[in-house]
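J.: Here it is, the structure in full.
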Amino acid sequence: MIWFTEYQTKNTGLTVRVKEAKRFNSQYQEILLLDTYEYGKMLVLDGAVQTTERDEFIYHEMLAHPALIKHPNPERILVIGGGDGGTVREVLKHQSVKEVHLCEIDGEVIKVSKEYLPTISNMLDNEKVKIFVEDGNKFLDERKGYYDVILLDLSDPVGPAEALFRRAFYQKVKNALKEGGILTAQTESPFLQTEYFKSAVLEIKEVFKNVGTYLAFIPTYPAGMWSFTMASDDIDIFENSNMERIDKLNTKYFCDKIYISLFSLPKFVSELIT
Ligand code: AAT
């Protein structure tokens, strides 16, 4: 019997029983592809669960849709990280989208996802999608005022994504947005990764005028409680705009009720970031 444990802190973890395990080495990180009993195929980078077939819809829907719904006419979208393709798949559900750029540092993640996670990666070959195998931090140096929505689908702030949770990077994100542009970033677990969470949200607040944090329940991420932070300088993200577009998305988690109460946070979570 094989078991795998992700150490979510030094003293606690998520453990799953595994039918089969494959290991790939990239220049940046150790990649594991586990076939699990409870969660289907699971992608693990440097020991941390990135996505599983069973619960990926929650994370990818909640990262992509709120910002794309709030934006009046999202046409050009950038996803940084997210080489598995789940976020790109959700982005392409929006009729207005003309162009999706995916900037993933590790080409091996894309390759493994295309081969072993077809239900997640299946839109990566869509004609609207252009893939850049580059560091997101460098990628943004050359892009100014181009995107309507930028989605940060990044691994934890240790390893290759570290600099992409800092103020200087959020400033580059802001410069790469068009007027009226919106950012959403995954901002870690408020419960088990409190310091990562606080620091990511507070750094985003240093750079953008309107900032709102929301949560989703993601069983295979630390504590099952996950956060996302949306930001914009010139769009009022707290208004429930364009609700009529939600129904057409064919989602399994995100819905109009969640949209209306998006930024309602448990008291201890709002206290961490105010
Ligand atoms: N879609 C859910 C999966 C992820 S994957 C995060 C991706 O970010 C990884 O494929 C990793 O290679 C990529 N990445 C890391 N650093 C960079 C960088 N500097 N530039 C571009 N891409 C990068 C998100 C998991 C959430 C965390 C769960 N604990």
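A Cβ is built for glycine as well, from the same backbone N, Cα and C atoms used for every other residue.
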J.: Given that TrEMBL lists Glu104, Asp135, Gly136, Pro160 as binding S-methyl-5'-thioadenosine, which residue among Gln29, Gln50 does it place in the same site?
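T.: When TrEMBL describes the S-methyl-5'-thioadenosine site, the candidate it includes is Gln29.
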J.: Of Glu104, Asp135, Gly136, Asp153, Pro160, which is closest to His60 (spermidine binding site) if I measure between C-alpha atoms? They're all recorded positions.
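T.: Nearest listed residue in space: Asp153.
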J.: Calculate the distance in Å between the alpha carbons (Cα) of Gly136 (S-methyl-5'-thioadenosine binding site) and Asp153 (active site, proton acceptor), and round it to a whole number.
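T.: So the Cα of Asp153 (active site, proton acceptor) lies 11 Å away from that of Gly136 (S-methyl-5'-thioadenosine binding site).
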J.: Cβ within 8 Å of the S-methyl-5'-thioadenosine site's Cβ centroid: which residues qualify beyond Gln29, Glu104, Asp135, Gly136, Pro160?
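T.: So the additional residues around the site are Tyr28, Gly81, Ile105, Asp106, Glu134, Leu154, Ser155, Ala161.
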J.: What is the biggest Cα to Cα gap, in Å, among Gln29, Glu104, Asp135, Gly136, Pro160, the residues listed as binding S-methyl-5'-thioadenosine?
T.: 16
J.: I need the nearest neighbour of Asp84 (spermidine binding site) among the recorded positions Gln29, Asp135, Asp153, Pro160, using C-alpha distances.
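T.: Ranked by Cα distance from Asp84 (spermidine binding site), first place goes to Asp153.
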